[in-house]
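> Annotations per TrEMBL:
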type	residues	note
DOMAIN	47-293	domain 'G-protein coupled receptors family 1 profile'
TRANSMEM	30-53	transmembrane segment
TRANSMEM	65-88	transmembrane segment
TRANSMEM	108-125	transmembrane segment
TRANSMEM	145-167	transmembrane segment
TRANSMEM	187-207	transmembrane segment
TRANSMEM	240-261	transmembrane segment
TRANSMEM	277-295	transmembrane segment
Amino acid sequence: MNECYYDKRMDFFYNRTNTDTVDEWTGPKLIVVLCFGTFFCLFIFISNSLVIAAVVKNKRFHFPFYYLLANLAAADFFAGIAYVFLMFNTGPVSKTLTVNRWFLRQGLLDTSLTASLVNLLVIAVERHMSIMRMKIHSNLTKKRVTFLIISIWAIAIFMGAVPTLGWNCLCDITACSSLAPIYSRSYLVFWSVLNLVVFFIMVVVYIRIYMYVQRKTNVLSSHTSGSISRRKTPVKLMKTVMTLLGAFVVCWTPGLVVLLLDGLNCTYCGIQDVKRWFLLLALLNSVMNPIIYSYKDDEMWSTMKRMICCSSEDKSQDRRSSRIPSTVLCRSTDTSGHYIEDGIIQGTICGKGDLGDKGNS
């Protein structure tokens, strides 16, 4: 019967794998990494909180797609928490950690990755349901969306806890990996291959959906006289999702490949030299997502900007409310026309209201 090492500290496992956790994380280099990490984590917290608040506040975002987008922002927010915990439990501190604390450190990172990945899968299903009916949004009810969000986090927490539940090398020390000294190499192979396969499937699915949308949009544009913005909105949302997926794949794939090489026990791949750079690249994904939301969606950006400047705008708006022309009010709501499912163009409604006011005067 194999001996188990639950009572050992992490220095025992790091020494067995010859992993250096001290020399590379002392002095100015450690200070620079912590400063950059702190800045990025603060940006992750603030920006993703704004995205979630924008979806809650703006009624034009009260659709399944945006609820799932807000949940993706919540996953990025959770990733920020995981990175903060990692920063204070890495470097020289790593060797002093208990097994349970190290499991918690890695489990938080694994949970954040799984939450983002499964959320993107659910968004793909939502986009498929809506686009096959050539609608902007699917007919998912709030109860179903809530169930999906709860399921996403249940799956993420479970996957993050799998090594803690038993798939580790604490009782088979010869099977320990190098990058994760108490993870079994077989688990790293399973984890990395599973995620890479899901990446590939998602890329193929989104490309097929995008090609379908482009083809149907081109066909319908020559036979219908509906709003141009209404026809372009499904394509616009798909571009947003594909940009998010592309950033996710680019930021996470190198790290997963390194884990796969470690799981395959590649001793000549130099994975120790690049592991921290790929971890920072994964952190960058949570920084990029809020920027993608605001850059690809004008309504999202304007909502976030109003919340940032709400205090100053409220004061100035009270002073100028009586002097705002009706045409300005009309323009402020015109950009939301493509979010309305009934096809009514807000600008036309405002225009009629202005003409009516002129007639009455």
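Using N, Cα and C of the backbone, Cβ positions are placed for all residues, glycine too.
Note: TrEMBL annotation is automatic and uncurated.
Can you walk me through where each of these features ends up in the structure?
The list of residues near the transmembrane segment (240-261) in space but at least 6 beyond its ends in sequence, with Cβ under 8 angstroms from a Cβ of it, reads 72, 113, 116-117, 120, 123-124, 127, 179-180, 188-189, 191-193, 195-196, 199, 202-203, 206, 210, 269, 271, 274-275, 278-279, 281-282, 284-285, 288-289, 292-293, 296-297.
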> Check for me, if you would, whether the transmembrane segment (187-207) reaches the transmembrane segment (108-125) - at least 3 Cβ pairs under 8 Å, residues 6 or more apart in sequence.
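Counting Cβ pairs under 8 Å, at least 3, so yes.
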> Averaged over the domain 'G-protein coupled receptors family 1 profile' (47-293), what pLDDT does the prediction give?
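Summing pLDDT over the domain 'G-protein coupled receptors family 1 profile' (47-293) and dividing by its length gives 84.
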